Amino acid sequence: MYNIIDSIKTYLLSNGMEIVIDLLILVIGIWVAKVASNITKKAMIRSKVNQTLALFVGNVVYYAIVIFVVLSFLERLGIKTTSFLALIGAAGLAIALALQGSLANFAAGLMIIMFRPFELGDKIETVGVSGVVEEIQIFSTVLITADHKRKIIPNSKITGDVISVEIKH
């Protein structure tokens, strides 16, 4: 037990300043990630991009930078990160396969939000359902039918089918 404490003390005494600098780089890196995320969100919202998409892209920017900074920090501490990267890749693949249907709906939702084939309040017909668009969510779109029923349609079904939009005059 004393050997472990002694070796930790020795390590801290010989590498103390380097550890402080590494921690400072970590903190600054996380701050940069937050700033970059906020700049991305604000720029996209100013460009009239859908707010949901802007928030999503901002979060992707934040987490990508944080992952890079944390891996760099661990590498500077002498921890080999190749096994972490392999683990992250394998976990990502497993999650992607498990959520294949949800990811298809998610990607379709992003396409609907970006390309805007229809907007809130438009009367559309798709996948055999006709109604007024009440809500466009990231995984599904909500229509109100003529008989006042709420129909929730997965976005992948909408983008994989013909969409008929009633033109407003």
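Just so it is clear, glycine is given a Cβ too, placed from its N, Cα and C backbone atoms.
Note that the structure is a prediction, hence the values are computed from the model and not measured.
Feature annotation from TrEMBL assigns transmembrane segment to 12-33 (among others).
According to TrEMBL, the feature transmembrane segment maps to 53-74 (among others). Outside the transmembrane segment (53-74), and at least 6 residues removed from its termini, the chain residues within Cβ reach (under 8 Å) are 22, 25-26, 29-30, 32-34, 36-38, 40-41, 44-45, 81, 84-85, 88, 110, 113-114, 138.
Taken from TrEMBL, the feature domain 'Mechanosensitive ion channel transmembrane helices 2/3' covers 59-100. With DSSP classes pooled into helix, strand and coil, the tally for the domain 'Mechanosensitive ion channel transmembrane helices 2/3' (59-100) is 36 helix, 0 strand, 6 coil.
According to TrEMBL, the transmembrane segment annotation covers 86-113 (among others).
The feature domain 'Mechanosensitive ion channel MscS' is assigned by TrEMBL to 102-161.
The DSSP breakdown of the domain 'Mechanosensitive ion channel MscS' (102-161), given as helix, strand and coil counts, is 19 helix, 22 strand, 19 coil.
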